[in-house]
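Per TrEMBL, these features apply:
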type     : residues      : note
ACT_SITE : His118        : active site, nucleophile
ACT_SITE : Asp390        : active site, proton donor
DISULFID : Cys107-Cys442 : disulfide bond
DISULFID : Cys243-Cys493 : disulfide bond
DISULFID : Cys294-Cys310 : disulfide bond
DISULFID : Cys464-Cys472 : disulfide bond
TRANSMEM : 38-61         : transmembrane segment
Amino acid sequence: MASVWRRLKGSQQYSPLPVTDKDLPSPSKYRHDRKTNIWSLTIALTVLITLFGVFEIYRVLAAPADKSCDTIDDGYRCSPKISHFWGQYSLWFSVPSDIDVDPPKTCDVTFASVLSRHGGRDPTAGKTMLYKIMIANIQSTAKAYPGEFAFLKNYQYTLGADQLTDAGRQEMVNSGAHFYRRYSTLIDSKPPFVRSSGQDRVVESAEKWLQGLAEASKQAVGDVDVVIPEGAGINNTLSHEICTAFEEGAFSETGDDAQAIWVAKFVPPIQSRINSKLGTNLTTAQTIYLMDMCPFDTLTSPTAQISQFCQLFTKKEWHQYDYYQTLGKYYGYANGNPLGPTQGVGYVNELLARLTETPVDDHTNTNRTLDSDPKTFPLNRKVYADFSHDNDMSGIFGALGIYNKTKPLSNTTLENIDETKGYSAAWTVPFAARMYVEKLHCHGEKEEYVRILVNDRVMPLEFCDADKHGRCKLGKFVKSQSFARGGGHWSQCFTD
């Protein structure tokens, strides 16, 4: 029996497709004087099938081992059934959209703005020490390393802290190319005005994004125009720092509190299984750290090949982990935190100023010195790019109201993406996350329109009566932002 190999759609894996004798023509069905021809044809087909199988096997084996899992248009594509459920540690992927991502054919994009998270990084300094201790604990106490755990015996922890990895840098290069493919007409007219929050990984992300833009456009596009320092007491719409009630008060713990209830439900079975397999005594926190190692170890591969840590957990467990991270973002920085959306008010008011080409009107966390100077905050550009962090983007999404349809998330029952109305940490703020805001001029219409895309998903914008294309009239969109224009709950930021 011969075998051919078929490529699975959307995958880099291959599976054998058996060809039995029943698949081949039987010469007994034909007249005797045609037997020779039929047998010749059969032999020829068999040879061709065999050669095809050999060729396919060779092609698979000879395929370059460094082929990247990341792509410009689709983002991260390897093992999507688990890799798209790593919460904010997911690598960017194109999120499904119920609305066509292309503008209506009768409309021209006249303005484009992107707000982007930095690319994939090593763990933070505090976390990288905890992960290293966890690995050392396993290797000093484990009594066995069965099956998929075998690699842990000799695993060497080499993760750094805080900075982009090579895979994260490539994410941002791809992001710049992705943006150029969509808005090339605007960019070719004039390069974007680019701002970055001051942390090194954010600035480097902006630079790599510009590199991707330049490579895609085959022309120089300039440098980062403005870097806004981060730190306590510094007004920066791309990094929350100065609302003390949010940073230090009871509201700073709402995300952790929500996660703790979910942790008590989903972690113990995983913890028990892991400890039983290894003979260890990992704590609840260390069990989560072991799951964290999957995305972070994946990011140590220059081409973001899936880490062996990822195979230690089931698809169901990854969905539970993703929900754990989602609870942290929703209740820590987004609509679930009473002061979460207020942290995004300043940026929204800057966005409104750009859309309407009028001075910034804000009394929250905008930098008045920068925003009042046309050199550091121009209003006559058609393309803008800002680079920030996941927590800040979560607050900005809250201030805009684009997830107002999401009801308070349950912290005892896992809710799927339909139940959360499209809200999850992986869908909103993965590494290299991006929000596009477009202004459209449509033929036969006097007023311009606004659309918002989050990671390629067109947001329905019910709050400003968006049509089937996700478009709101500019005037209605501006009017709908009364929360931001009124300063949110900024007055509560400095009260006990």
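Don't overthink the numbers, they just go from 1 along the chain as shown.
Glycine is treated like the rest: Cβ placed from N, Cα and C.
Summarising the environment of Cys243 (disulfide bond), the number of other Cβ atoms within 10 Å of its Cβ, over all protein chains shown, is 24. In sequence order, Ser79, Ile82, Ser83, Cys294, Thr298 are the residues of the chain that are 6 or more apart from Cys310 (disulfide bond) and have a CB within less than 8 Å of its CB. The Cα of His118 (active site, nucleophile) lies closest to that of Asp390, out of the recorded positions Cys107, Cys243, Asp390. The Cα of Asp390 (active site, proton donor) lies closest to that of Cys243, out of the disulfide-bonded residues Cys107, Cys243, Cys442, Cys464, Cys472. Across the fold, the C-alpha of Cys493 (disulfide bond) and the C-alpha of Cys107 (disulfide bond) stand 42 Å from each other.
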